[in-house]
Ligand code: FPP
C-alpha cells in the first residue's frame, strides 16, 4: 500500500511505455518478447495505481505512427491487446476498473474494435480506477478530428465560432470528461512526448525514468509517485509564499 497522503496522489497518471524492444534486444530476444513482458508490467501498473488511489491511468499502447513498424510487429501488438482484453476483462471488471479507449477508431481491425467497445460497455458503470488505453492514438490526429467536428458544426450553423473556447475544444477531444494528466511518465530514458496528449499536457508534470517498460516495477512506480508529491505545481501562478500579500 502507498504511504502517500491522499492529497498528494495524482488523480491522473499517463505513461509512455517505452523500451520494450531494447529490453528484448539486451537479452538477445525477439522484440515481441519485450512487448509480451510489457503486458505483465501493464497488469502490475494498473494494480499499483488503483491501490494508491490514482483515479485515471492512461497507457500509450499503440500510436498512429506505430503503423510504420514491420507488419509482423503490428500484428503482434494488436494480438497482445486482443489477448489482454479477452483474458483480463473479467478480472478488471471484478476489480471495479472502468475502461476507456482513446484514439482513432476508424479502420481498426474488425476483430479488435468490437472487443474494445465491449470492454468499455462492460465496465462503463464501474467506479474504481479508469484505465484509459490510448490505441491508434496521436495527439495531432485527435486535435485534427476535434477541429473537423467543430468546423462541421459551425458550417451547419449550429455553433458560433465565438463559442470555440479551450473548454469546448477539450470537450471535443477523445479524452472528454477525463481530467488532464497531473503526471506523465516516460520509461526507457527517452525525454519527449512523441505526440502523446499534447493538448492535455499543458500543465502536466513530466517524469523520465531510465527503466525499460518491462522493468518498470511497482517500486519504481511508487518512487515516481513519491517524487511527484514533492513537486510544486503553479499552473502559471506564483509560489504560494510569494503570492501572499501581493
Ligand atoms: C514501446 O516500446 C512500446 C510500444 C510501442 C507498445 C506498448 C505496448 C504494450 C506494452 C502491450 C500492449 C498494451 C496493453 C495496454 C495491453 P518500443 O517497441 O518502442 O521499444 P524500443 O524503443 O526499445 O524499440
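Even glycines carry a Cβ here, placed using N, Cα and C.
Those TrEMBL annotations? Automatic predictions, nothing curated.
Straight from TrEMBL, the features:
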ACT_SITE  18  active site
BINDING   18, 205  Mg(2+) binding site
BINDING   19-23, 31, 35, 63-65, 67, 69, 186, 192-194  substrate binding site
ACT_SITE  66  active site, proton acceptor
Note to self: Return the residues near residue 35 (substrate binding site) by Cβ distance under 8 Å, restricted to its own chain and a separation of at least 6 in sequence.
What the structure shows: 20, 73, 76, 77, 80
Notebook entry, point to check: Under a criterion of Cβ-Cβ distance under 8 Å and sequence separation of at least 6, what residues of the same chain contact residue 64 (substrate binding site)?
Noted result: 103, 104, 136, 137, 138, 141, 195
Check: Those recorded positions, 18, 19, 21, 35, 205: which ones have a Cβ sitting under 6 Å from ligand 1?
Finding: 18, 19, 21, 35
Notebook entry, point to check: Around residue 18 (active site), how many other CB atoms lie within 10 A of its CB?
Noted result: 24
Next item on the list: List the same-chain residues at least 6 positions away in sequence whose Cβ sits under 8 Å from the Cβ of residue 186 (substrate binding site), in sequence order, or say none.
Entry: 15, 16, 18, 192, 193, 206, 207, 208, 209
Checklist line | Those residues of the chain, 6+ apart, with a Cβ under 8 Å from that of residue 67 (substrate binding site) | finding: 74
Notebook entry, point to check: Cα-Cα separation of residue 66 (active site, proton acceptor) and residue 23 (substrate binding site), in Å?
Noted result: 18
Item checked: Where residue 186 (substrate binding site) falls in three-state DSSP terms -> strand
Check: Which residues in the same chain, at least 6 apart in sequence, have a Cβ under 8 Å from the Cβ of residue 23 (substrate binding site)?
Finding: 34, 37, 38, 212, 213, 214, 215
Next item on the list: Translate the DSSP assignment of residue 205 (Mg(2+) binding site) into the three-state scheme.
Entry: strand
Notebook entry, point to check: By a simple count, how many Cβ atoms lie within 10 Å of the Cβ of residue 66 (active site, proton acceptor), its own Cβ left out?
Noted result: 16
